[in-house]
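Everything on this sheet refers to the single structure shown next.
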């Protein structure tokens, strides 16, 4: 038998945290199959034992994981044998990130509705909704269905695409996403080309004219109603195209770069998806200044100030169609894995949560769809992963709500016009969210944080954003005087009733909201309800005269040069001075909220098994919609509606939109929702930090392996000695 030899001291075994190795020792196997017969009376030798093998520990590359390195099929950039040398310059993580950012900018579908949708989904669609409602005579509830169609398609396909695509060719999946995005944008624009020319009616008389403005109650649906299904189909295609981007695309980036750079690359990609809505709003806003039928612009006699004006909403979708389809070829030429991916993967240290072991560890797991239930169950049992997902769901709920209703909040609290409020909201939300995403990724990358420290960082930013959320309580402003709502008509009429003796003869429509500010500092629902009979439209803003409901009026003959007026178009200037500090603090709250976005995504990629990252992101995106982005606007909308004090009532007696809100109550209700959701976020982030158990370090594994070999060699020495004594 072999003589007993010493083993290498494991304390001096060189190891690198980036390249885990197995520590080899002498006498790796023990042969004790033949032993001398012990002498009579001597104690029997220990029973033969199987050779001891080093334990396979979760998170340390073992045989199965080393075999998985062969899965990374690296290759050149091109199509088949056509591999131009010029294309190889793009065959890098930076080249892929560039095209990924273009797709995110165009489509941009991500876990918070603010950064979902890019130019098309959250930019052009949102800014075109009101125009589409007017052109195709759709109710707001139906246009809400159009917006929800995107989330429906995403929820139905996200899990399956992320599971199947994990082992597939991810860049080609993104080429498919580009195709579907372009197709969705093209289909969304088709109603313009099949609905004929826009026919605008006669101008509504906004002044007080007897026997005028009598509306009719009609319940019949317009033939244009059926274009609703075309818009829904376009949104379904857009949702299908959005599925691979933030599941397979994010996992591909994580595969292709070192672990400390992953957060930086992902943060840049997410920041570009946030800038998408800004580009969409700017582009869409400029296109809406063009008449809907561009070839008739010089033959019509209405301007943008006319309520009958409709802009060219469809041009932006055609531009997005061409941009999306131009990305099909670049994505299709990328290889399944970028050069150097296998080496990068070999140098990574697993940070998988200890309880997240796969039920099936063979290399074939996940290649068959029959493994889908087992993979899904395995992820759902990962408590750290589920805590991170639930924390992002609560964040998505409030960010989606604010992305939808922040302009309305600013408009009502500070007495601004809809366009000014939307501009201010975009100025705060978009740069703040983009800055937060980039800062989060940069800090995690710069300090090379491991999984637990990344989660602690996300927890810290969530706590800070929770404190800053109380700014809404400070921002509340009292409602300005409003005739018929908070002020009477010169001591006549009743509060809550817009009609008073001074305007009863005017036959005003309550469904036509066109506020004017009287010279007495009181706001009126419309010039008609102010009793105004004359106006001068050449002056901007438009001015009104001879108003019977404004106290102390002087009847004059209006001229363009007149400086005396009784009312002017627009809301009265708000006396509230809290707008600048509100915008500043809210900007900081947005930055800290989105600083946690990239770190949490990276934490999810680290705490789950390597083979299940795409599926984990698919589960996250699905739950985000079911628990966050879909109910978020509904909850915020219902809460804001509960503060309404003046509703739109049409000619049929049906309740429409809310015109006037109780500002103070609205502010406190939004504080309540935000604080509750933020507390839920902090709770689940903290619970994830508490529950997370990192895998044993490489040094610990080396010691355990060496101890196992030491025990085996000592046993061999004892048996050898016993045999010699015998």
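Keep in mind that glycine also has a Cβ here, set from the backbone N, Cα and C atoms.
The feature transmembrane segment, as given by TrEMBL for the ranges 422-445, 494-517, 518-541, 542-565, sits at 422-445. TrEMBL lists transmembrane segment for one of the ranges 457-475, 609-627, 628-646, namely 457-475.
Taking TrEMBL as the reference, the stretch among 357-383, 384-410 described by the feature transmembrane segment is residues 384-410.
In summary, the transmembrane segment (582-605) does not lie against the transmembrane segment (173-194): fewer than three C-beta pairs, each 6 or more positions apart in sequence, are under 8 Å. The predicted model assigns the domain 'Kazal-like' (496-551) a mean pLDDT of 86.
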